[in-house]
Every structure is written in C-alpha cells, then in structure tokens.
Amino acid sequence: PAPAEAGRVPGPPDGGWGWVVVFGAFVSIGFAYAFPKGLAIFFKEIQDFFGTSYSEIAWVSSIMLATTYGAGPISSILVNRYGSRPVVMFGGLLCGVGMISAAFCTSILQLYICVGFITGFGLALNLQPSVIIIGKYFLKRRPIANGLAMAGSPVMLCTLAPLNQFLFDNFGWRGSFLILGAILLNCCVAGALFRPVGPGTALVKTQVTEEGKDALKGKITEDNPMENKTEEEGEKDCFEKVNQYLDFSLFKHRGFLIYLIGNVLMFLGFFAPIVFLAPYAKHTGIDEYSAAFLLSILAIVDMVARPTTGIIANSKWVRPRIQYFFSFAIAFNGACHLLCPLASSYTGLVVYSSFFGLAFGMVCAMLFETLMDLVGAARFTSAVGLVTIAECCTILLGPPIGGILIDTFGDYKYMFIKCGAVMVLAGTFLFIMNYYNYRMLAKEEKERKAKEEAPKSVRTENEGKKIWNKDSTQDGPELEPLREKGEGLKKEMNGT
C-alpha cells in the first residue's frame, strides 16, 4: 500500500552493492537449505551407532527443517526490529554452536536438541533475512536475483555430499560434526555483507510516526484527559505489538490463502525423497561414494535449473502468469517421485536424480518469488513468517512418515509413491485455484474501472436536481437547515 512507502528512498537500486548482497544470500541460503539434506550421509552410520530405526533417525533432519521453517515468524520479527545483518550473523553463530555441541552427544535425543533445534533455529535466522533483503535491493531484476541466490542450495549440496563422506571416512561422524560447525561460522561473514538499503529510511519513518503519535496524544489530552491513560494502555496491548511485525490481515487475502494451502500440502512430500535418496542407494547395494554422488548429480542439475528458471520466470510471457509455472513445477516434481520405483539400477537412479534436480530447482527458484508476486514487497516480510510457521508441521511430519513406511513394508518405493502423489495433488490444486484467482481478479478490476468511469458521465441540469432532491430526502434531519436555507433563497429570487 502507498502509506507504507512513505519516507523511503526512490526505489531499489537493482544492482551495485545488491550483487554483493546476492552473493551473501547465496552462501546463507545455501547452508540453510543444503545442510539438512547433506547430513543424510551420516544417517546410516548414526543409526547403527545408536541402534535406532529409520523413522527415529529421520527425525533429526525433520526437526531441523521444521525448526528452520517454524521459526520464520521469529526471524521476521527480528529482521523488522534489528535488520538483516545482525540477525544472519547471530544465526551463523548459533549454527556453529549447535553442530559443535552435537559432536559430544551420547544419545539420539541429544542429537534432536543440538542438531534439530539449535542448528535449525540458526538456519532459520539465515534463511528469512537473506530472502527479505533481496526484495529490498531488487525490483525489475528480482526473479533473476532470487534465482541466483537460491542456486546456493545446489552448489552447497554438491559440495557437502562428497565432503561429508570424506570427513566421515577420515574423522568419523563426531569429528565431522566439529569441522562442519566451524564451516557454518562462515554464515557470519555472509551476514556482514548485508548492508541496509537507504540508511535514512528508517529515521524518516520513525520521525513521522513519532510526530503523529505526539500530536495525537496531545489532542486526546486536551479533549479528554481521562482517556489518556486508557490510550497508553491500549498501545501496550500484546496483540497490537505482534501485529505490528506480522500482518495477520493476510489471512483475508485470497491469493495468499491459496498459496499457503498448496504449499502446506506440497511440503508433506518435498524433503523426504532427498533425505532417503543416499540411504536408498546404499540399501540397493551401491557403495557409499556412488550413493553420495547421486546427491551431487541432483545438486549440479539443480544448480543450473535455478538461475535458468529465474530468467524464464522474468520473461514478459511467464511473469504475468508465474503462478501457473509454479504449479507445473510442483506437479512435475511429484511425477518424478512416482516414476522413481522403476529405477532399479544405478543408471536409473542417475536419471531419476537428474530429473529430480531439475524439478526441485524449478520449485525452489520460484518459491518466494510467487509469494511476493501475490502479496507485494511491503507485506512480504510478514507473509514469509506466516507461511513458514504453517509449513513447519508438514515439514516435520514428511520424513518420519516416509521412515514409517520403509520400516513397515521394508521397501523404499512406497515412500516415493506417497511423496509423488501428494505433490501432484498440490500442483493440481494450485493450478485450479490460481486460475480461479486470476478470473476473480480480472472481474474485480473490471468492476472497479466501471465504478471509476460512472461519475464521469455527463448529467443534465434536471438530472442533477433530481439527484439532489433524492439525496436530500435520504439524508434525513442533518440537512434540514440546509434545505430551509435553499428554499428561502429560491423565494427571494422569485420575489426579485
């Protein structure tokens, strides 16, 4: 909305230091998305070490992913309060502390706390601020910038998969966690690159707001001193403070609700295939390095798919209807999982990993761009926080449900079929509902234009008098003195 833009600089720079910010977001987002998937390399050995089932070990990645998404509102509030730079730097510190602590864990429950909650919360403080600050630096080139930043995930995954296997072979999983904790501290360096846009912006907005509040308080005190205390108490209301940072009116936004429902359903099958890809390859008799290389193949294709998708989404043909493209990407992702059980050999798994990387990259490149397209940049920070906390439930349940299916049937194919069916359903839902939303928006725009053109029609003098008489009759006693005055003037004119 226009009032939210008051006091801002003329517009996003769309370049300059923005490309350095994109690099910082590339590193930060890369760790946030790739790290939970890269840990899957250690799952088979940790499972044997603690003697746990597939579903129990899957909770490690699941809790980490759910915390990363569920802490979205907290991250959004901190960004609104302190800015992106300090939040990302603190998040990087938390990630390092969590992984270093995990190296000394003696039970699976302690791993849930250190890796799942502490490291997951640190990754949450890396993810949201990185996405938000790109929206402040870019407008015209935003899809391309988002695509490049999101490419950090496949690049990191491509690097972490063989690196984790190398670290495990040489240092064991405890030594590997110590080294990974040190590597995650690089997120602090990435956060230092997030220079705020327009240093005068916040100052101007604060001054305008404070002046308005002071004037309002002064007026209230003059009119009714007894109400001053009540007004001050109202300003301290908890809900108002929360609503200042998270715009709950978004739940009345039709496009936002469609996006939210479709994404909550999609995440039920989004991460489980990646978590279980390497264990599945080992289960079929493939050696450890070849199993890890499948994640690298997925990441390499994903690396190319994300910026390419950003360029396609930024084209004049796709950007006006980017929601359809997003729906197709989700359904395509689900179709890959449905066909995965047909890949019985290593060659088949390589083909599956390639198509999965393409589909995964397409979804991730447009995940936040489509949300910003629906709600606008002004409400995007709140929208990200609300979406992530809603998605964390299905993210939390997705991998463990897949693990339960594997434990129950002793076969991975049912997990892939479940994930594929859920994602095809989510893509179909989004396609149909976005079509409905576009139709309703077109209809509402047409009605709005019709209302704007109506007052411009030329009216005759008699029509104007009829409308005046009708309005005067409907307005009631408030206009009685005005009507009497008008009648008096009319009599004087007739007498003259």
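Glycine residues also receive a Cβ, built from the backbone N, Cα and C atoms like all the rest.
Feature annotation from TrEMBL assigns compositional bias 'Basic and acidic residues' to 446-473 (among others).
Annotation comment: TrEMBL describes 480-496 (among others) as compositional bias 'Basic and acidic residues'.
The domain 'Major facilitator superfamily (MFS) profile' annotation in TrEMBL covers 18-438.
If you look up TrEMBL, you'll see 446-496 marked as region 'Disordered'.
Look at TrEMBL and you will find 16-36 (among others) tagged as transmembrane segment.
Positions annotated as transmembrane segment by TrEMBL: 57-78 (among others). For the transmembrane segment (57-78), the residues of the chain that approach it from at least six positions outside its boundaries are 32, 35-37, 39-40, 43, 46-47, 87, 91, 108, 111-112, 115-117, 119-121, 123-125, 127-129, 132, 245-246, 267, 271-272, 275-276, 381-382, 384-389, 391-393, 395-400, 402-403, judged by C-beta separation under 8 angstroms.
The feature transmembrane segment is assigned by TrEMBL to 90-123 (among others).
The transmembrane segment annotation in TrEMBL covers 144-163 (among others).
Residues 20-21, 23-25, 27-28, 31, 35, 42, 83-89, 91-93, 95-100, 102-103, 115, 119, 122, 126, 129-130, 133, 164, 167-168 of the same chain sit 6 or more residues outside the transmembrane segment (175-194) yet have a Cβ under 8 Å from a Cβ within it. For 175-194 (among others), the entry in TrEMBL reads transmembrane segment.
The annotation transmembrane segment is assigned in TrEMBL to 256-277 (among others).
Below 8 angstroms of C-beta separation, residues 34, 37-38, 40-41, 151, 153-158, 161-162, 164-165, 274, 277-279, 281-282, 346, 349-350, 353-354, 356-358, 360-362, 364-365 of the same chain, each at least six residues beyond the ends of the transmembrane segment (289-305), sit close to that stretch. TrEMBL lists 289-305 (among others) with the feature transmembrane segment.
As annotated by TrEMBL, transmembrane segment applies to 325-344 (among others). Within the same chain, residues 262, 266, 269-270, 273, 284, 309, 312-313, 318, 351-352, 355-356, 359-360, 362-363, 366-367, 370, 412-413, 416-417, 419-428, 430-431, 434 sit at least 6 positions outside the transmembrane segment (325-344) and bring their C-beta atoms closer than 8 Å to a C-beta of that stretch.
The transmembrane segment annotation in TrEMBL covers 350-368 (among others).
Summarising the annotation, TrEMBL assigns transmembrane segment to 380-402 (among others).
Distant neighbours of the transmembrane segment (414-436): 258-259, 261-263, 265-266, 268-270, 272-273, 276, 323-324, 326-341, 398, 401-403, 405-406; these residues of the same chain sit at least 6 beyond its ends, with a Cβ under 8 Å from one of its Cβ atoms. Under the heading transmembrane segment, TrEMBL lists 414-436 (among others).
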Intrachain neighbours beyond the transmembrane segment (350-368), with Cβ under 8 angstroms and 6 or more residues off its ends: 33, 131, 146-147, 150, 153-154, 263, 266, 270, 273-274, 277, 294-295, 297-307, 309-310, 313, 322, 325-326, 329-330, 332-333, 335-337, 339-340, 343, 384
Non-local residues, at least 6 beyond the ends, that sit with Cβ under 8 Å of the transmembrane segment (380-402): 55, 58-59, 61-63, 65-67, 69-77, 79-80, 124, 128, 131-132, 135, 245-248, 250-251, 256, 259-260, 263-265, 267-273, 275-276, 368, 371-372, 374, 415, 418-419
Tertiary contacts of the transmembrane segment (16-36), as residues 6+ beyond its ends and Cβ separation under 8 Å: 61, 64-65, 68, 88, 92, 95, 119-120, 123-124, 126-127, 129-131, 133-134, 137-138, 145, 148-157, 160, 180, 184, 186-187, 189-195, 271, 275, 299, 364
